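Quick notes on the structure that follows.
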Amino acid sequence: MVVFAVPAEVAVILLDIEGTTTPITYVKDTLFPYIRDNVKEYLCAHWEEEECQQDISLLRKQAEEDSNLDGVVPIPLETGNGEDEVEQVIQAVVDNVHWQMSLDRKTTALKQLQGHMWRAAYATGLMKGEFFQDVVPAIRKWREAGMKVYIYSSGSVEAQKLLFGYSTEGDILELFDGHFDTKIGHKVESESYRRIASSIGCSTNNVLFLTDVTREANAAEEADMHVAVVVRPGNAGLTDDEKSYYSLITSFSELFLPSST
């Protein structure tokens, strides 16, 4: 078994989600298809609710900003002309969501609606968060050793909390000291990692960041964080240079903490 010795100054472990704690297939084959397949039904069921109308307003505003892009689907305003008009607006929202998802866009408007849809699906038991088998036992061990554990994902903090709050392992939110998303900065920008360390109240070299994406690992390293690249089934392959440059682990159990001696 490969062993990565965690440097003695590390007091915080920062985790990516997709491809690190959670199989990429869960995101691609469960989370996103659920949105595509159920967005119309969700909108019809929640149309009169204020939260749903706020989601649609954000999507409409985003569509206006996207008006110069090929394929954009505008979302008309309602004028109160009956059910036929409501159906037309709903279909426009559905088509807009499908268009954004086909381009793998990560707009705030799209993420907000997705988060609300996932919340309903998790709360009713239609969906449960999934993790690699080594993840939860390892995090428990790290916490027992005095480590703080945080999440940093491009998915919204709300979506992160749903994943860990409604999981195959039950509600495991207590295992985490906090959550970060792209509101603190993009994951390929080194400044984001400096902001995270500042928010936690430590130096960047007190943090070990685990991710499957080498561009993120590079940005964290530029900020003077320790990094290890996580190699999981279904993740993108690494180049020979990346394999030789980065510390690689295939399981969280391969981390050897200073206090393990």
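Note: Cβ is positioned from N, Cα and C throughout, glycine not excepted.
Automated prediction, rather than curation, is the source of TrEMBL annotations.
Per TrEMBL, Mg(2+) binding site is recorded for Asp16, Glu18, Asp212. The feature substrate binding site is assigned by TrEMBL to Ser153, Ser154, Lys187.
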Rounded Cα-Cα span from Ser153 (substrate binding site) to Glu18 (Mg(2+) binding site), Å: 8
Max pairwise CA distance, angstrom, over record-listed substrate binders Ser153, Ser154, Lys187: 8
Which listed residue (Ser153, Ser154) has most other Cβ within 10 Å, given these are binding-site residues: Ser153
Alpha-carbon spacing, Asp212 (Mg(2+) binding site) to Ser153 (substrate binding site), which is rounded to whole Å: 12
Pairwise CA distance, Lys187 (substrate binding site) versus Asp16 (Mg(2+) binding site), rounded so that it is a whole Å: 10
Distance [Cα-Cα, Å, rounded] between Ser153 (substrate binding site) and Asp16 (Mg(2+) binding site): 5
In the chain carrying Asp16 (Mg(2+) binding site), residues 6 or more apart in sequence that have Cβ under 8 angstroms from it: Ile151, Tyr152, Ser153, Lys187, Phe209, Leu210, Thr211, Asp212, Val213, Glu216, Val230
